[in-house]
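First the structure, then my questions, so here it is.
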Amino acid sequence: MKKFLVLLIALIMIATLLVVPGVQTSAEGSYADLAEPDDDWLHVEGTNIVDKYGNKVWITGANWFGFNCRERMLLDSYHSDIIADIELVADKGINVVRMPIATDLLYAWSQGIYPPSTDTSYNNPALAGLNSYELFNFMLENFKRVGIKVILDVHSPETDNQGHNYPLWYNTTITEEIFKKAWVWVAERYKNDDTIIGFDLKNEPHTNTGTMKIKAQSAIWDDSNHPNNWKRVAEETALAILEVHPNVLIFVEGVEMYPKDGIWDDETFDTSPWTGNNDYYGNWWGGNLRGVKDYPINLGKYQSQLVYSPHDYGPIVYEQDWFKGDFITANDEQAKRILYEQCWRDNWAYIMEEGISPLLLGEWGGMTEGGHPLLDLNLKYLRCMRDFILENKYKLHHTFWCINIDSADTGGLFTRDEGTPFPGGRDLKWNDNKYDNYLYPVLWKTEDGKFIGLDHKIPLGRNGISISQLSNYTPSVTPSPSATPSPTTITAPPTDTVTYGDVNGDGRVNSSDVALLKRYLLGLVENINKEAADVNVSGTVNSTDLAIMKRYVLRSISELPYK
């Protein structure tokens, strides 16, 4: 804890060097508070996820990581125009982004500390001077604008590009208490913003490295009070969250190993194929939900917010036993049966098949090009999983891994290799092969090809509709669809000559105006509406105006001008 506090103090000192002199960097309040409230929350009925009116939805999304990394931002924003990237993702029909983040970053924010993110203003001028918390909310605003929802995923205890390799949700710095407090803070902070529809409590709990497993260093699933019992911690954390925010979906992943007799009575166990005793079932990290049969998550009155969430991959990520033997020569239908019988059914598919819960396949995907010796088998796996998802539409939801190019063993939907360039992409292209053959077939869309979003008012990108625009949609109260995607805004009180705060002249006052004014004060732009920017009517535009603008957008003050 001492190290952690020293680190946080250092981060405060760094952050203060990155902001406009004289401007307070308090981020209490956010654009999320200004969102359309409470019309897009989801819950579970049987093996379906439904909206507040009981209409079935299908979460068909993709992962976009970076806030879990040392850069503390959505990766690819240093390659391209991040707004153009987000708009393209929406136009391609991805209705949810699963966004990995780290516990230490959430906890820092909860303590009023806002570490810096990597500067990408050379590609994204609107991001100039934004700290990690401001940048996160800027991304939420833009996801909202194009009709994309977000599932927030704690990927690792600390911001670390390899943090997913750590097996547990706690370490010597991030305790279980901090883990829970960080999540409860997020719940309180965003409970009125349905851009974030769900929390994936912890990414891929698993065992220690090597074939000799140490129980105390590994995630287990049972009814014990052990600190490493993921079932207990997930249940307690979920209940604490739901007491504050009863509308959010809770996604609970599995573990890696599970004892064949259901009893974790070995302090160590050997999983070597040569020297081990074969007493444990193994699977992908986070993909083993066999324990649900013996020890299901019990959220009491909040049970309708629970969704179990396995992960699954192909042989390029790791050559599991089921990718050997008959799988190699099998046709696609035979291969799918092998995967189902040897992995999917008993590890997680039974949960939806027995009516326990719907599932979110939180990660799947893989390489679709290149010279890897297992590429053909990887493509066979992807076809099998794609078809299995489609066969279980509405019961099996999914978020594809991943959007950005930075995943070494899977690649991304963005690529620098063969693909289609897009405006703002600069050196990035869209991977048509991966998208067209594996993701597009399992995106939620109408019979005539319109993508279906999860927002009731904002259509999904330029090629989609809102859920309330479905022809068979049944509302209790009909939401009014928006003609074009637009951000939630606060309009400044009208005056005879000027709309104070409308620095960019678009008729609204929101965080875009704050970003533009910040760029002006940093000398990055020259032409703004200075009369509108002079929100304290002092006759000059300076950092005081920026501070007032922030307070207005964050709802600390209700009127402009502010004298």
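Each residue's number is its place along the chain shown, starting with 1.
Here the Cβ of each residue, glycine as well, is placed from N, Cα and C on the backbone.
It should be emphasised that the depicted structure is a prediction, and the values quoted were computed from it without experimental measurement.
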Pick from 156-175, 476-495: which stretch is listed in Swiss-Prot under region 'Disordered'?
476-495
How would DSSP class Glu204 (active site, proton donor) in three states?
coil
May I ask which residues of the same chain, at least 6 positions away in sequence, place their Cβ under 8 angstroms from the Cβ of Glu204 (active site, proton donor)?
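Once residues fewer than 6 apart are set aside, Glu204 (active site, proton donor) is near His164, Glu253, Glu256, Trp284, Trp285, Gly286, His311.
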Taking helix as H, G and I and strand as E and B in DSSP, count the residues of the domain 'Dockerin' (496-562) in helix, strand and coil.
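Looking at the domain 'Dockerin' (496-562) with DSSP, the answer is 26 helix, 1 strand, 40 coil.
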So what pLDDT does the domain 'Dockerin' (496-562) average out to?
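Computed over the domain 'Dockerin' (496-562), the mean pLDDT is 80 on the 0 to 100 scale.
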